[in-house]
Amino acid sequence: MVVCFLWLLLPYAATTLSASVPGCVPSGALLPRPTELSQSQNIKDATERLSRSLDDAVSGRIKAGWDIANTSFSVSIVSPNGGDPRTGVLWEYHHLAEKNINGTKHLDGDSQYLIGSVSKIFSDLLLLKSDVDLQDPITKYLPQLKNASSPIDWDNISLLSLSEHLSGIPANTIGALQFYFLEPLYRALGFPPLNKTDYPPCGIADLNKGCTPEELLTELVNSHPVSEPYERPVYSQLSFTLFSLALANDTGKDYAQMLEEQVIRPLNLRNTGVSPGEDKRAVIPNVEQQGWGADYGYNAPGGGLYSSLNDLSTLVTKILDYSILQNPQATKKWLQPRSATSSLNTLVGQPWEILRTSGMTPKYPHMIDIYGKSGGAPGYISQINVIDQYGVGVVLSTAGPLDSRAAYIINEAVLSAILPAVEDEARKQAGMYVGEYTSQKVDNEDATDYAPIKLKTVIDNGTGIKLESLSRNDSDILEGIRKVWSATLSTVGQLASEMRVYPTGLERLATNDKSLVEQDWRINFDLIPNFNEQASDLPGLGKLEALCTSWQTVDWLYYAGVPMDRIVFIVDKEAGRVVGVEIPFLRSGIIQKLN
């Protein structure tokens with residue numbers, strides 16, 4: 001017990017005497033994911049406004065911010081909770097630019113785009129579905145990299161680190177982003193003159209042929225690391241080439257075959273594969289340098305796939321319903337950060353680009369984690385966003401000029417439209433938990449043993465569901481919890497004046513009636529911050545941000561073996577209503593909800 005207690009106190013010793021700022025809420029869903037989104041008026045209103053805005057932009061009635069005549073795009077909002085049964089699409093919008101004279105003449109959800117580094121999602125998925133041990137060193141599968149004189153300790157580079165951008169190896173394959181035709185420019189800029197033999201023997205545009213896999217591995221032995229493994233995230237295309245070559249050596253199958261068997265066929269994807277795709281279905285930008293039809297070779301795992309809006313929507317939907325891997329827990333593990341950047345708002349996953357933002361729901365501001373992946377190929381930009389908290393996603397592909405900002409503008413516009421709407425819908429549907437619950441005396445219960453329990457819940461402008469009051473035999477139980485905390489854990493800090501409950505995602509059948517489920521919720525023990533600068537005259541105080549510690553106080557208070565923060569709602573899923581609540585630490589049994 002002492003060890004656990006010190007574990008909680010140590011962060012305070014290192015930072016402040018305080019705990020978290022009021023409102024230090026749990027991560028993840030703050031209310032249950034809303035369902036039947038296709039029937040939601042909030043969603044309908046938001047997407048209708050969004051469609052009108054995009055109509056105005058592509059027609060020139062408002063400033064779009066990109067070359068309308070030369071930029072085609074497809075965008076969708078998806079969810080497993082009410083979206084199309086196959087793709088999950090709730091809403092979609094397509095624009096075929098008038099100058100896109102090649103490729104498809106009918107742009108729809110099955111039209112093909114290059115998706116650039118969104119390919120990394122497919123490759124990481126392939127790795128996660130494989131039978132290899134992700135802790136294995138890359139040299140187990142690519143022994144050519146074993147070389148004592150190599151600046152990189154390849155024996156220390158695991159498959160897992162490669163998939164998480166944490167290996168510290170070079171960003172690109174041999175010759176990538178090296179352009180021999182720029183030699184005159186380099187000299188004019190003062191760079192030293194070089195001979196052709198100074199360049200790598202393969203992979204240099206306009207100088208020599210592309211590297212074979214064997215030549216690539218030979219040259220990599222001489223490459224220098226960018227950092228130590230796990231020192232910091234370093235974005236790497238090369239990493240995906242290497243672990244895909246490792247999988248190919250392990251299975252005896254090439255990347256395209258593995259992708260077909262493990263990802264494309266199981267997900268029933270109809271317009272996804274290794275470039276090149278089908279010209280007649282392609283969205284081909286009318287620009288001089290565009291990548292449609294290119295053969296990406298061993299670079300395909302990091303950025304050489306094509307796909308369609310429907311296929312990417314299916315991918316995101318299967319991630320959101322947790323069915324894309326062997327079990328829901330594996331998918332939830334995938335949707336976790338692996339490292340941090342210097343920005344408080346940017347984390348790195350496998351291979352997710354995670355944006356943490358609190359400005360997308362201005363009426364009810366709170367932190368939202370957007371698990372995104374962007375991708376670019378010459379003339380193409382794609383973006384997928386997975387918002388697990390709400391069970392929704394956004395998919396976007398564009399084809400146009402190399403300097404187009406269309407993807408960035410449209411992506412933000414769509415997120416700004418859908419997230420407030422789905423927040424409103426989540427609050428509306430969570431209204432079924434709101435109300436008054438009162439216990440009833442059972443027929444055979446002695447009158448002297450009966451102690452009425454009353455609970456009142458509300459939804460206000462804060463997060464989760466607020467416990468307005470909880471009493472037993474007219475005793476204020478919420479105040480009682482605060483006093484118990486103060487008596488036993490006051491060193492940690494004092495509980496905030498409000499108590500709110502949040503869903504845990506745990507539910508089970510309540511009875512043999514399959515429509516009734518028990519949903520576990522937990523009270524968030526949020527703490528009032530103490531400010532060092534108010535307690536001491538020592539210099540330098542008040543500069544450290546308060547530490548968010550409510551995640552450390554879950555499941556702490558117990559009453560005779562039962563957690564005091566656990567509340568169980570009894571939900572009739574077929575009827576869409578809450579029929580009662582159980583407060584286990586009060587030994588309440590089921591307390592009926594008053595109509």
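Just so it is clear, glycine is given a Cβ too, placed from its N, Cα and C backbone atoms.
What Swiss-Prot says about this protein:
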type: SIGNAL; residues: 1-18; note: signal peptide
type: CARBOHYD; residues: N70; note: N-linked glycosylation site
type: CARBOHYD; residues: N102; note: N-linked glycosylation site
type: ACT_SITE; residues: S117; note: active site, acyl-ester intermediate
type: CARBOHYD; residues: N147; note: N-linked glycosylation site
type: CARBOHYD; residues: N156; note: N-linked glycosylation site
type: CARBOHYD; residues: N195; note: N-linked glycosylation site
type: ACT_SITE; residues: Y235; note: active site, proton acceptor
type: CARBOHYD; residues: N249; note: N-linked glycosylation site
type: CARBOHYD; residues: N461; note: N-linked glycosylation site
type: CARBOHYD; residues: N473; note: N-linked glycosylation site
Query = Roughly how many Å separate the Cα of N156 (N-linked glycosylation site) from that of N249 (N-linked glycosylation site), to the nearest whole number?
reply = 19
Ask   = Hey, of the recorded positions listed (S117, N156), which one tops the CB count within 10 A?
value = S117
Ask   = Highest CB neighbour count within 10 A among the glycosylation sites N102, N195, N461?
value = N102
Ask   = Where the distance is taken from Cα to Cα, which of the recorded positions N195, Y235, N249 turns out closest to S117 (active site, acyl-ester intermediate)?
value = Y235
In sequence order, the recorded positions (N70, N102, N195, Y235, N249) whose C-alpha falls within 10 A of N461 (N-linked glycosylation site) = none
Remark   = Integer Å value for the Cα distance linking N473 (N-linked glycosylation site) with the residue listed as 'active site, proton acceptor' is 60
Message = Taking only same-chain residues 6+ apart in sequence, whose CB is under 8 Å from that of N70 (N-linked glycosylation site), what do you get?
response = A97, K99, N100, P285, N286, V287, G400, P401, S404
Ask   = Between the recorded positions N102, N147, N195, Y235, which lies closest to N249 (N-linked glycosylation site), Cα to Cα?
value = N147
Query = Relative to the Cβ of N147 (N-linked glycosylation site), which residues of the same chain, six or more apart in sequence, are found under 8 Å away?
reply = W154, V221
